[in-house]
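Residues annotated as NADP(+) binding site in Swiss-Prot, with sequence analysis given as evidence: Gly166, Arg167, Ser168, Ser195, Ile236.
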Amino acid sequence: MQIIDGKKISQDLKNELKTDVAHFQASIGKVPGLTVIIVGHDPASQVYVRNKAKSCLEIGMHSTVIEMPHDTPQETLLQAIRELNQDPAVHGILVQQPLPKQIDEFAVTLAIDPSKDVDGFHPENLGRLVMGHLDKCFVSCTPYGILELLDRYNIETKGKHCVVVGRSNIVGKPMANLMMQKLDATNCTVTVCHSATRDIPSFTKQADILIAALGKARFITADMVKPGAVVIDVGINRIEDPSTKSGYRLVGDVDYDGVAALASAITPVPGGVGPMTIAMLLKNTLQSFRRINNL
């Protein structure tokens, strides 16, 4: 059984991006710029934003964080986005989720210039993904990170049966569309399971590649997995654990110990898919920089 080490691959990728950023700094005197907007003071969101800013700094990319109070009107946020759309030094715009209830998340997504939508959530980018124009869009960072892991670990995908458990707009839907594309690291037959699927194990047991992204701790158990399957665990769930200092620990959507005994390869939680998400955000921002500057 092979452990797919997202921590290592994300660091490898960041090192590669750092080299590219240094090259552009030396050759044209410019570097990519990412701006993150956070509305309110959600502790988890603040941690995510700090991690993104730290990763930008690590590779020499310019990073700006705009903090807005929890009661910010929607129009104020939209105006800030419109200004960033016009700023030539900003190549990536990300609005940290979740947003306060007075703000329509879809309206915010629509306001971001698709050419700077490095989260890959704008309908134009999703539409290009569905149509197979991956060279003209941004792919959502978590699915893109999973694709990078499969590629770098030389996981055979062509003609394989990929089962995606979960249908969120952030992971499940773009992941399923990505895995059916005609790419070296995809080209699968794809099945999507969700909360209304009857007899989910009957589908997961057919999977050559099983991607769990439903947000339920240890939902996928050994009796739901085909021996030799590649298992990608997207879930991050807190469960109580009195033996730890914090009183909890992180587990995925997969019962790791039981499934690892059967799988040919598996991502751990933490240290699997999670680290790849920020790395792919940086990669998307660099790609935006290249496109905007015709590089």
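Cβ coordinates come from backbone N, Cα and C, glycine included.
Annotated features taken from Swiss-Prot, shown on the structure.
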residue	record	contacts (Cβ under 8 Å, 6+ apart)
Gly166	NADP(+) binding site	Gly172, Cys193, His194, Ile211, Ala212, Ala213, Leu214, Gly215, Val234, Asp253
Arg167	NADP(+) binding site	Lys173, Ala176, Val192, His194
Ser168	NADP(+) binding site	Ala213
Ser195	NADP(+) binding site	Leu214
Ile236	NADP(+) binding site	Leu250, Gly252, Val269, Pro270, Gly274
Taking residues Gly166, Arg167, Ser168, Ser195, Ile236, which bind NADP(+) in the record, the widest Cα spacing (Å, whole number): 18
